[in-house]
Amino acid sequence: MKEKKWLEILKENKSYWFPIVFVVGLSLLALIAPLLPIDPNATDVSQMSSAPSLKHIFGTDEVGRDYFIRVVYGGRISLLVGILAMIASTLIGTVVGIISGYFGGWIDSLLMRIVDILSSIPWLVLVIVLSVLLKPGLVTIIFVIGCFSWMSISRLIRAETLSVKEREYVIYAQFIGEKDSKIIMKHIFPAVLPTLIVAATGSISSAIMTESALSFLGIGIQPPVASWGSLLQNAQASLQQAPYMAVLPGIFIILTVYSFNSLGNFLRELTSVEG
């Protein structure tokens with residue numbers, strides 16, 4: 001029955017096909033990248049800043065590295081940052097949101113004040129400051145983005161929890177004396193899961209955008225490791241002689257963000273139909 005529903009949505013809105021195929025294809029390409037017979041850091045001084053050709057379909061960079069494999073490996077890093085930061089932010093946001101919404105009272109007030117304080121600070125400014133204070137790199141960027149992008153998710157999950165805990169089966173479980181931990185795991189969490197999945201999908205695109213911005217500013221992923229943001233930052237010096245070096249990672253960032261946001265819309269529509 002579920003298969004029929006998601007197929008019906010795809011038939012009614014064919015615009016969902018591209019983002020789904022793009023995300024799947026990009027993910028598969030990122031997974032098999034180490035199996036490709038090209039070293040992303042191998043240089044060829046005879047092919048420096050070479051335009052796209054049959055030998056190098058995306059051209060080469062300023063030191064002769066194949067730009068296609070650089071973009072592919074950049075996608076691996078950007079997707080890794082997006083997915084791991086999403087896991088961290090959704091985990092924190094879900095725990096805070098459920099605890100706040102379920103227990104209410106002073107616990108809810110305290111947690112929501114913390115959320116309000118963190119939300120009042122310009123998020124990108126906070127991330128930039130922490131990235132500067134900590135050693136730039138992959139682990140730092142995942143930690144900073146993941147640990148300071150959970151506030152909107154916590155509000156969303158809290159609102160959903162407030163609704164769910166008023167349902168009859170939850171009230172009955174409380175009445176018969178079930179432990180709060182059991183009620184949360186058995187009744188609350190499954191009920192908020194569809195909302196969480198949709199929010200998590202959107203947070204991936206947000207994390208990729210943030211990583212790209214930080215790496216572009218030089219405080220994110222550091223060379224020679226490639227990410228789409230670091231490729232953009234490196235391309236600044238070659239804009240006149242090799243504009244494709246900035247255009248290609250930029251296109252992939254735009255398409256990836258669009259695809260994950262569209263995938264979130266698809267999942268939202270799917271969960272609303274199934275609900």
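The backbone N, Cα and C atoms fix where each Cβ goes, glycine too.
Lifted from TrEMBL, the feature list:
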- 75-264: domain 'ABC transmembrane type-1' (DOMAIN)
- 16-36: transmembrane segment (TRANSMEM)
- 77-103: transmembrane segment (TRANSMEM)
- 110-132: transmembrane segment (TRANSMEM)
- 138-157: transmembrane segment (TRANSMEM)
- 188-221: transmembrane segment (TRANSMEM)
- 241-260: transmembrane segment (TRANSMEM)
**OP:** Quickly jot the same-chain residues contacting the transmembrane segment (16-36) by Cβ under 8 Å, restricted to those at least six beyond its ends, or write none.
**Re:** 9-10, 69, 72-73, 75-76, 79, 255-256, 258-263, 265-266
Original post:
Does the transmembrane segment (138-157) make contact with the transmembrane segment (77-103) through 3 or more Cβ pairs under 8 Å, each pair 6 or more apart in sequence?
Top reply: yes
**OP:** Report, as numbers and ranges, which residues of the same chain sit near the transmembrane segment (110-132): CB under 8 Å and 6 or more residues beyond its ends.
**Re:** 96, 99-100, 140-141, 144-145, 148-149, 151-152, 154-155, 158, 210, 213-214, 217, 219-220
